[in-house]
């Protein structure tokens, strides 16, 4: 029994299968089929008056429903107000408010419902979305997928709401035999009975005026016997049905009905009261198609069940089973669902608990039509109001510039890449020569920006000539002991380093150090003091300064390493002081006599200071005139062993050349002469006895040996 009130939330100006109360104000009426529970108020006087006062109110239904409706004289007043719509034919109708003239366009499509002759479902498409009203329906599993008008673009239409027939939305009716199964069971029973003799008859006890036409026509076609009914006028325009029915009582299959429920002839079970012509008693059985009775059974039964001596029950349903309802709704997958019928013993809430999980979420934003496939979208991030500070904690969207650490560590080992703990304040020394190991220790505190990029294709490292390698001996040759599997360090390792030279390295210091590429040649200070407040250690304007030249590569020790063949540049590791020191003498060092011992271990606090040498440093160096002839000399301030505090270490800001261009090279001093060993004997003696060599008191230090 339908409990639908007639109006849909999406289109309230339309009334379906209900024609009383609020539905009297509707702009259009729709009738799904001609069963009485769907025709309330259809012939009421109030509706008749509404039709008399309106010229644009019509009733829309299928052609079969119109024929069945107009067979009754009670509904003849609708004859000029009924508009038929063909099945599966989308039709646009106008909903007009006669008082205001407002008009609304809606497209209506009728779909077969399988409930009874002429029964349809209504699919409405308009400005308020797509809505499906099923009325009473019986659709087998998978039948909805074969309805083309429920689909668009190869997928189910986006249906907002479904007003669903839930007559058997109860687990008790989980599985109902199909009509074909029921037909086969009834057919076998009827055939076995009527073939016994002409006096064996069957009465089909059908409660509805029509709806069992499917059963009648198939029995008549299979057995060749027409079915007796009370009236044929309702089927006069349905020749396919009319051919299998008759009003002649002299037939073996009857579907006639009693004039009243209580009237039944005591001596005859047939409502029509037919008897045999030769006074022979008729042998009659009754078959009652029903569904509710089978739903009340606790055990599985057959399609046909004998309930008495001559009575049978047949499972035959006009409505979809519980499993068929779920299959249909899960396939349509609407946003909302509304039950049209409340099953016996259930409530609306219990029915909704079953139906709601089969619907899709209204918050779903997935596009229904994706002809180009799934496209990429920007990710949506919902920020919590309590975590607003996270907006400023994220990394910048622009790429960061390269960072070069201030502090690098060089150990007196052969040049090979090796990890060095940061907590070692001093480096080991080699008695046979100054062996240096390049170690990259990234600073965790201070970095400087690398303002230039270095192209790998723009420069190549030079290799020392064979003659030079043979002359230096094993103590001076570069050892290629780097592990080739170790990751090649970045070229930033050799930029902006602070180099310290201990006193005993002066014994093995060469006259010049060859740079592997065109590095920064400006290692001399513009200030008269080496440890001035200015962080610069180089100047092109200092004409008296001694330079490290890459032009005299034959007189310098080439530093190379197998593991660093891909390095873009190398950095000079000797710091030079200015010749312009007040009261100090400069002494040139002989070529090839000494090798530098390099040390660099600068903490973050030391970087902030401009101190390179201890305050009590003394030095006896030769005068400036004695060193003018050297082609490529290294001028150093030899320092005492007292260490200055870490806070007073010079901030080395020597800028390394990353472009390998000859424009940055500084030639050696013109007309310079190499110093002879006799000039340096005084210095050697002081170094051998451990005496302090004082040049000037400064706030810088190089560690003693």
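Keep in mind that glycine also has a Cβ here, set from the backbone N, Cα and C atoms.
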Range annotated as region 'Disordered' in Swiss-Prot, from 417-450, 451-484, 485-518: 451-484
Stretch carrying region 'Disordered' according to Swiss-Prot (options 600-637, 638-675): 638-675
Which candidate, of 276, 385, 569, 588, Swiss-Prot gives the annotation phosphoserine: 385
